[in-house]
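Q: Would you mind keeping the following structure in view while I ask a few things?
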């Protein structure tokens with residue numbers, strides 16, 4: 001007799017196991033499943049578990065050569081999504097042995113691989129992952145983390161201030177360096193290469209690195225504060241990326257930058273290891289994230305990309321503003337900000353957190369608020385993000401009517417006023433505008449900024465919202 005029975009079996013016979021008790025070593029995933037009509041919920045959840053682990057569409061004789069019970073993913077719970085017709089959250093447990101140690105690339109290749117093109121599903125979204133502590137311990141994580149960064153910069157008790165140099169493309173290296181100098185001289189802690197500044201004909205990377213290093217050393221000498229410029233090391237190959245990071249280290253600058261989604265997780269982890277070994281901080285930009293995370297029914301939520309970044313490595317990552325021009329609902333944003341910074345985060349569905357996550361002392365990542373923010377937003381940003389954040393004003397610095405340095409002064413005065421008011425027990429959410437007005441009496445730069453941006457609003461509802 002034949003040792004196995006050929007043919008197509010329902011996935012739920014093997015992969016839907018509601019009685020399964022999850023293990024501390026399992027990777028747990030919460031998928032939002034939108035099926036084709038007529039497919040029962042158990043079959044959908046089981047199909048996701050199968051296609052992202054050991055299953056294929058038909059029975060194969062080589063199944064008998066391994067222990068599927070040991071290696072298969074299991075759909076262990078399904079719940080309907082409130083307010084949505086025929087949409088479910090499927091919870092899947094993956095055994096740890098399915099994944100290579102220390103590889104975000106391998107983890108994502110399994111969990112968000114071919115299954116997202118599966119015909120039986122109209123749409124599929126990965127809402128959250130629970131990374132087991134045993135797997136976290138195979139990663140280095142952020143090169144330095146929040147406390148080490150503060151110690152390196154000697155800056156405590158307040159958020160850090162940044163600015164993206166604009167126009168993002170087209171400046172020569174010397175003019176670019178001049179813009180950096182003006183911002184840092186005015187009181188900012190950091191300036192930033194835009195994510196698409198790499199090494200183009202109008203400004204090659206080596207020239208930019210040299211002029212920016214000159215600018216930050218000059219600003220440091222004048223202000224007595226440590227300054228940084230995020231030198232974007234992102235390149236077409238890993239070798240070229242590391243070459244740029246090496247040159248940044250030789251210049252003695254404190255921080256480099258990487259576009260982690262367009263650059264890829266393998267490149268990002270490589271750079272993070274180099275940065276820890278060589279004392280460089282690593283700023284991460286999330287260009288391309290909205291392609292993956294903006295649609296509510298398909299793709300992957302940013303909280304998963306944020307967890308992946310903390311594993312792969314980065315000291316800063318862009319994380320939305322709540323109040324500016326880019327997508328981000330308050331409760332959702334605060335949920336993944338906690339996932340970036342804190343050591344232990346409780347399950348809290350009201351903030352989109354599906355699983356309790358223990359980071360077992362993996363260093364934290366500083367969230368960066370950037371995109372359409374200006375001095376009037378300062379009280380809200382200080383209240384929402386607290387001290388461990390970088391508040392990044394591009395147009396909100398460079399758009400000042402008197403120039404870059406006065407724009408930087410306006411932001412620094414507004415920030416110091418908000419921190420002082422908070423420390424005195426004032427409510428920034430209620431008294432924010434009053435605090436800024438009071439400060440502007442003593443700072444003509446801030447008064448001018450207040451006048452320019454007093455009418456600016458980005459009143460659009462977020463696309464990706466919490467379920468009711």
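Glycine too: its Cβ is placed from the backbone N, Cα and C atoms.
Annotated N6,N6,N6-trimethyllysine per Swiss-Prot: 5, in sequence order. Taken from Swiss-Prot, the feature substrate binding site covers 114, 164, 168, 286, 318, 370, and the record attributes it to sequence analysis. As annotated by Swiss-Prot, active site, proton acceptor applies to 166, 285. Under the heading Mg(2+) binding site, Swiss-Prot lists 192, 194, 195, citing sequence analysis as support. Positions annotated as N6-carboxylysine by Swiss-Prot: 192. Positions annotated as site 'Transition state stabilizer' by Swiss-Prot: 325.
Just tell me what is around each of these and how deep it sits.
A: Around the Cβ of residue 164 (substrate binding site), a 10 Å sphere holds 24 further Cβ atoms from the protein chains shown.
There are 16 other Cβ atoms within 10 Å of the Cβ belonging to residue 166 (active site, proton acceptor). In this structure, residue 166 (active site, proton acceptor) belongs to neither helix nor strand by DSSP; it is coil.
For residue 195 (Mg(2+) binding site), other Cβ atoms within 10 Å of its Cβ number 22. In the three-state DSSP scheme, residue 195 (Mg(2+) binding site) is classed as coil.
Around residue 192 (Mg(2+) binding site), taking its Cβ as the centre, 29 other Cβ atoms fall within 10 Å, counting all chains.
Within 10 Å of the Cβ of residue 285 (active site, proton acceptor) there are 28 other Cβ atoms, across all protein chains. DSSP assigns residue 285 (active site, proton acceptor) to a strand in the three-state reduction.
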Q: Record lists 114, 164, 168, 286, 318, 370 as binding substrate; longest Cα-Cα distance in Å?
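A: Largest pairwise Cα separation, rounded: 37 Å.
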Q: Using DSSP and collapsing to three states, where does residue 114 (substrate binding site) fall: helix, strand or coil?
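A: Assignment for residue 114 (substrate binding site) reads helix.
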Q: C-alpha of residue 195 (Mg(2+) binding site) to C-alpha of residue 164 (substrate binding site): distance in Å?
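A: Here the two Cα atoms are 9 Å apart.
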Q: Tell me, in order along the sequence, which recorded positions from 114, 164, 166, 168, 194 have their CA within 10 Å of residue 285 (active site, proton acceptor).
A: 194
Q: Starting from the Cβ centroid of 192, 194, 195, which together make up the recorded Mg(2+) site, report each further residue of the same chain whose Cβ lies within 8 Å of that point, ordered by sequence.
A: 164, 165, 168, 193, 196, 197, 230, 232, 257, 285
Q: Under DSSP, is residue 318 (substrate binding site) part of a helix or a strand, or is it coil?
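A: For residue 318 (substrate binding site) - judged by DSSP and reduced to three states - the answer is strand.
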Q: Quick one: which of these binding-site residues, 114, 164, 286, 318, 370, have their CA within 10 A of residue 192 (Mg(2+) binding site)?
A: 164
